[in-house]
Amino acid sequence: MSPGGTAGCGAAKPQDQGWAWMVLLATVLLQGLTLGYPSCIGVFFTDLQREFQASNSETSWFPSIMVAVLHGGGPLCSILVKRFGCRFVVMLGGLLSSVGMVSSSFCRSIGQLYLTAGFITGLGSCFSFQAGVTVLGYYFVRWRTLANAIASTGVALGFTLWPLLSQYLLDEMGWRNTFLIFGGILLNGCVCGAIMRPVQLVSGSPRQSPPAEEPGRRAEGAQLSNGASSPHPELRQQSRRTTCFQTLQKYLAFDIFCQNKGYQIYAVGVTWMMMGFVLPHVYLVPYAIQNGVEERRAALLVSITGFINIFMRPLTGLLSGHSIFTGRRIYLFSLAALLCGLSNFICVISAEFSVLIVYCIIFSIAASGIGALFFQVLMDVVEMDRFSSALGLFTILESITLLIGPPLTGLLVDITSNFLYVFYASSFFLISAALFMGLSFCTLEKKNKSKDASKVPLDNPSKYQYNEIPTEPRSESQSPPAVV
């Protein structure tokens, strides 16, 4: 494998056939191992509190750190993929995830758990997931949409199986031995990475040439090559700052955030929404147990959510791809977030097991819409050639609220001794974010129509309007973008 990312994920014929479907199968398993795994953390919530004598807020930092690092490590993952290739990064992620969970089984304090299961396992899951999804963009062109829809079912499978397995192992051998076994299970991410072998370039096909350097950058390189002989050290310092800024610009699209109003609204809305979206996943099981539901049945609630996602995510993805929803997917996304927020009031009405099942069904249907449209809407508001950098900033922003949301709500529970405030808080963030995104995009669309009617030329249309950007695959001479 060459050191560059092109060799690690190189696009070459044949695509959409043969080994590509084995890679898709590995990606399904990989998403179940990485994104599906945090769904089972609520099963261990009560035992970890009892073991470490920790409060709700202190215990909730553990899943918060894991999920935040899983989402926020995207730019670092992109750098590693570019340097070492997708296959290496996926296998590295599987190894880190395994090491983190094995180390967690020996932890003697909740702080140690933050480092091992939270940071190390979260970082490993980030590497495996994002590099694994990226490689699909190189193995699939014609069937790329179908491949991503099938791959997303791995998350739902993980949501279904992880809680059931966790509760069974917890009852049989305790949380420490369960974490040790999980370390062995997560090591299968290395097997998935091994399947994602580099695609051999077709005989006679030219390799991709590096992009042509701009004259200014060539001049800066010549100045740097002179080293200490340069009479102007301030120029060398300025060139280093320019290089650092260009690197940040490549992986964190601040220019898009400043200029594209649609991206601004969506990034802010989703960042705010994530404060509440993750809360039911963390606190549903402890809430049910506190209200007299048996532990096995409480774990079953999370599995019901995952089982419905298996069917609803692909269905929602196919439905949103219909021409009637072209340019309107953001409103579907806002509607799904609104339904998620409203469904939380079902838990407030009653904590009976039958009522909680109804809640899980409605919540999972709405959450399926969010999961299916989450990245598709982002592809609609930014150009595909800048999608990777826009995604980098996007995941950084949402990881902040994913990190602080559960601990702040846990602090509220510690003060009030009432889990109902978890669902009140979740509803507030979800409903307010849904209304903000829906109304803002509606206003932006009306503003755009009025400008078109007055025929006033725009210097930069993407700065003022929400445009659906076509996401057709690039030509074979270009590397396909990272597809999520």
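If you go along the chain as it appears here, the first residue is 1 and each next one adds 1.
Even glycines carry a Cβ here, placed using N, Cα and C.
Here is what TrEMBL records for this protein:
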DOMAIN    20-450  domain 'Major facilitator superfamily (MFS) profile'
TRANSMEM  21-45  transmembrane segment
TRANSMEM  61-81  transmembrane segment
TRANSMEM  88-106  transmembrane segment
TRANSMEM  112-139  transmembrane segment
TRANSMEM  146-165  transmembrane segment
TRANSMEM  177-196  transmembrane segment
REGION    204-238  region 'Disordered'
TRANSMEM  265-286  transmembrane segment
TRANSMEM  298-318  transmembrane segment
TRANSMEM  330-350  transmembrane segment
TRANSMEM  356-378  transmembrane segment
TRANSMEM  390-413  transmembrane segment
TRANSMEM  419-444  transmembrane segment
REGION    447-484  region 'Disordered'
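Contact between the transmembrane segment (419-444) and the transmembrane segment (330-350) is supported by 3 or more Cβ pairs under 8 Å, counting only residues 6 or more apart in sequence.
Beyond its flanks by at least six residues, the transmembrane segment (298-318) meets 36, 39-40, 42-43, 145, 148-150, 152-153, 155-164, 166-167, 281, 284-285, 288-289, 356-357, 360-361, 363-365, 367-369, 371-373, 376 of its own chain at Cβ-Cβ distances under 8 Å. With Cβ pairs under 8 Å as the measure, the transmembrane segment (330-350) is packed most heavily against 356-378, out of 21-45, 61-81, 88-106, 265-286, 356-378. Within the same chain, the transmembrane segment (146-165) stays apart from the transmembrane segment (390-413): fewer than three Cβ pairs sit under 8 Å, each pair at least 6 residues apart.
When the stretches 21-45, 61-81, 88-106, 177-196, 265-286 are ranked by Cβ pairs under 8 Å to the transmembrane segment (390-413), first place goes to 61-81. Ranking 21-45, 61-81, 177-196, 356-378 by CB pairs under 8 A with the transmembrane segment (265-286) puts 21-45 at the top. Packing against the transmembrane segment (61-81) from elsewhere in the chain are residues 5, 8-9, 34-35, 38, 41-42, 48, 88-89, 92, 110, 113-114, 117-119, 121-123, 125-127, 129-131, 134, 251-252, 278, 282, 388, 391-392, 395-396, 398-400, 402-407, 482: each is 6 or more residues past its ends and has a CB under 8 Å from a CB in it. The transmembrane segment (88-106) and the transmembrane segment (21-45) are in contact, since at least 3 Cβ pairs between them lie under 8 Å (pairs 6 or more apart in sequence). For the domain 'Major facilitator superfamily (MFS) profile' (20-450), the predicted model reports an average pLDDT of 82.
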